């Protein structure tokens, strides 16, 4: 077993390249997300010095966690803490520890169980967690998870509508090709959701740590990330699971700096100020790469509706009869896949989408790069390994990561 050594604090902070590359430091001259409540629907936010002060409430929806939502649950128990630290980490004093993209935002921990059998169905856990988050006053909900399916259950219609009707922005990860998600799956396919694709350290579309689809709104870093696990261990990881909370933090900054805006116009600011890549919206980059400073300072024309779609109208058009799930509202039978801006490489050893949605596959297994993959709902994380205090280049991409301890 790899024994992790606590990393030097300044080294950890230096690894957070996205704070400078995507103008978060500049945005913090305006706001750090004060007064904005963000719910993290995930495996639970465990206890770690970098994140403890940010968590102001929680609840468990899996039936196997603690009432306060702070006991990590499921097959990837570290996942929720990593996500939370990227979103609203507050460090450990001075220049020490992890800073999230909205380090003054407050968090709710809504724990759901990924990849384990529970008495409460996963769809129900998530629907209940959304409604609870709204009732607690959350104005942003982060969902670093995917069903690996374009479809979603009717119970989610009600839950997501409840959030949208209460002026909540929902941010979802696009998923990872490296874990078998070649195109976005729900909740990233739901109209009105702010779906986030992944970028590598050079700002190019990530292959393994992202996916593609016409519902992608923006893109953010998903490779060579650093976060904190329960207990305070720093971890280097990759996945669109990390890109989503980077953007959730940005949404919190916009909400704090523009409290007069409704959710539709908060979303509009995020996508309108993104740096476009080619024609927009793109199925790879969405409206472009996020720009935190522009999102909080630029002049942006107001909108009257959610620029990412209307779930109410979708339900009227596409929910018919009594089926429990309905295809997304576009014809994919003759669609031509978008050309990828990179060599797809060899991913033959990775699980397929069919494998990820077939009950005959073992519940939990190790994929090509030591990534844990869970049948059904997965936290969309690609790589995870402890950080040790040695000289890394942030652009180093050829190291073989180690599997997490579970």
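From the backbone N, Cα and C atoms, a Cβ is placed for every residue, glycine too.
Automatic prediction, not curation, is the source of TrEMBL annotations.
Taken from TrEMBL, the feature domain 'Peptidase S8/S53' applies to 33-288.
For residue 42 (active site, charge relay system), other Cβ atoms within 10 Å of its Cβ number 31. According to TrEMBL, the active site, charge relay system annotation covers 42 (among others).
Residues or ranges marked as active site, charge relay system in TrEMBL: 79 (among others). Annotation note: residue 79 (active site, charge relay system) sits in a helical segment as assigned by DSSP.
Look at TrEMBL and you will find 241 (among others) tagged as active site, charge relay system.
As annotated by TrEMBL, transmembrane segment applies to 359-380.
Cα spacing between residue 79 (active site, charge relay system) and residue 42 (active site, charge relay system): 7 Å, rounded to the nearest whole number. The secondary structure of residue 42 (active site, charge relay system), as reduced to three states from DSSP, is extended strand.
In the structure as shown, the Cβ atom of residue 79 (active site, charge relay system) sits within 10 Å of 33 other Cβ atoms. Just so you know, the Cβ of residue 241 (active site, charge relay system) picks up 36 other Cβ atoms within 10 Å once every protein chain is counted.
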